[in-house]
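To start, the structure itself, in C-alpha cells.
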Amino acid sequence: QVRPFLDVYQRSACQARETLVSILQEYPDEISDIFRPSCVAVLRCSGCCTDESLKCTPVGKHTVDMQIMRVNPRTQSSKMEVMKFTEHTACECRPRRKQGEPDGPKEKPR
C-alpha cells in the first residue's frame with residue numbers, strides 16, 4: 001500500500017517529536033552513577049525543511065521533571081530523584097550557521 005504524498009510530507013516536516021535521549025548525554029558530569037532508565041523520552045525538534053540551507057531549530061522550550069533511579073555502583077545503593085530535561089515546544093526552519101560563525105551569546109560559567 002502506498003502512503004499518500006500529503007501524509008509523507010506532513011510526517012517529515014520540522015516539528016517537535018518524541019525522541020529518546022541518554023541521561024548521560026544530558027548530564028555528562030554524572031558518569032560515576034548508573035541511571036534507570038538510562039534514557040528518557042522527550043520532545044525535540046527534528047524533520048525536514050524545504051531548503052538545504054535551513055535547519056529544524058527549536059524556538060520554544062520548557063523544562064520537564066522526571067523521576068529517575070540513581071544507582072551508586074560502589075555502594076550498590078539506589079535512590080529515586082527528580083531530574084530536569086529540556087523539551088522543545090515549537091520548531092521552525094531557520095538558516096544554518098556557517099562554520100566558524102559564533103553560536104550567539106555564550107552563557108556565563110557558574
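Placement of Cβ uses the backbone N, Cα and C atoms for every residue, glycine included.
Look at CYS56 (disulfide bond): DSSP puts it in a strand. Sequence annotations record features per position, and here Swiss-Prot assigns disulfide bond to CYS14-CYS56 (among others) based on similarity to another entry.
The Cβ of CYS45 (disulfide bond) lies under 8 Å from the Cβ of CYS14, GLN15, ALA16, ARG17, CYS56, THR57, PRO58, HIS88, CYS91, each of these being in the same chain and 6 or more residues away along the sequence. The disulfide bond annotation in Swiss-Prot covers CYS45-CYS91 (among others) and is backed by similarity to another entry.
Taken from Swiss-Prot, the feature disulfide bond covers CYS49-CYS93 (among others), and the record attributes it to similarity to another entry. Classification of CYS93 (disulfide bond) by DSSP places it within a strand.
Marked as pyrrolidone carboxylic acid by Swiss-Prot on the basis of experimental evidence: GLN1. Other C-beta atoms found within 10 angstroms of the C-beta of GLN1 (pyrrolidone carboxylic acid) number 3, with every protein chain shown included.
Put plainly, the disulfide-bonded residues CYS14, CYS91, CYS93 were compared by Cβ crowding within 10 Å, and the winner is CYS91. Sequence-distant contacts of CYS49 (disulfide bond), defined as residues of its own chain at least six apart whose C-beta falls under 8 angstroms from its C-beta, comprise CYS14, LYS55, CYS56, CYS93. The DSSP secondary structure for CYS14 (disulfide bond) is coil.
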